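Chemist: Take a look at this one; I'll ask things after.
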């Protein structure tokens, strides 16, 4: 009986470290190396397909190559929703395997706050970088983003929950992830940029369900 209780305690402790719901305010996920394994799996509050969304987060990286920032895959479609940084000042959004790319001014080796919105009825895509809107584009008008998803940080999924490549991995710090099933107003996006998010209902950095896989650590955020 004592051995059984000890085993249950160890198993519970390991499970709680790997899969957690945590308030990560003023903290970051650190992805300290290139790899084809290190990632964080997110478990969203999402049971139905998406007609609209807003997704915001902060990154701090010295990578100059392309990298995956947010990978949302469903069975049969690896790039159902993907935010991909092509290079400094250039981002792509994939919806249902199709993509659009936006470009703007961005300072290298500085923290970045990124918000992306998409509205199905119009197809309009907006990128806000450090509180400033970039040129609007259109993508997949009247499309519906499928669910349930596999959501991964740190890697780009080439199949549902896997298919990672070192050359697409994110290296750096990741923080303040929030997601809504509607398009935020410009004023609300500025609130998010200033660290005052407005009731996120899909992903909430201050009550995040996540599972760490590989070499990813949590540290205080020491930059703004």
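Backbone N, Cα and C define each Cβ position, glycine as well.
Among the features that Swiss-Prot reports, Ca(2+) 1 binding site is placed at 78, 79, 156, 157, 158, with the record citing sequence analysis. The feature Ca(2+) 2 binding site is assigned by Swiss-Prot to 156, 158, 168, with sequence analysis given as support. Swiss-Prot lists 56-115 with the feature disulfide bond, giving sequence analysis as the kind of evidence. As annotated by Swiss-Prot, domain 'Pentraxin (PTX)' applies to 25-224. The N-linked glycosylation site annotation in Swiss-Prot covers 52. According to Swiss-Prot, the signal peptide annotation covers 1-20.
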Chemist: Give me the sequence-ordered set of same-chain residues, not including 78, 79, 156, 157, 158, with a C-beta within 8 angstroms of the centroid of the Ca(2+) 1 site's C-beta atoms.
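Modeler: Output for this site, in sequence order: 68, 71, 73, 82, 159, 163.
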Chemist: Go through 78, 156, 158, the listed binding-site residues, and name the one with the sparsest Cβ surroundings, counting other Cβ atoms within 10 Å.
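Modeler: Selected from the binding-site residues 78, 156, 158 on minimum Cβ neighbours within 10 Å: 158.
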Chemist: Compare the C-alpha of residue 158 (Ca(2+) 1 binding site) with the C-alpha of each of the recorded positions 52, 56, 115, 168, and give the closest one.
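Modeler: Nearest in space to residue 158 (Ca(2+) 1 binding site), counting only the recorded positions, is 168.
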Chemist: What does the structure give for the C-alpha distance between residue 115 (disulfide bond) and residue 79 (Ca(2+) 1 binding site)? Integer Å is fine.
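Modeler: So the alpha carbons of residue 115 (disulfide bond) and residue 79 (Ca(2+) 1 binding site) sit roughly 18 Å from each other.
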Chemist: Within 10 Å of residue 156 (Ca(2+) 1 binding site), Cα to Cα, which of the recorded positions 52, 56, 168 are there?
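Modeler: Cα filter at 10 Å returns 168.
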Chemist: With every protein chain in view, what's the tally of Cβ atoms within 10 Å of the Cβ of residue 56 (disulfide bond), excluding that atom itself?
Modeler: 24
Chemist: In the predicted model, what is the mean pLDDT computed over the domain 'Pentraxin (PTX)' (25-224)?
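Modeler: Per the prediction, mean pLDDT sits at 98 for the domain 'Pentraxin (PTX)' (25-224).
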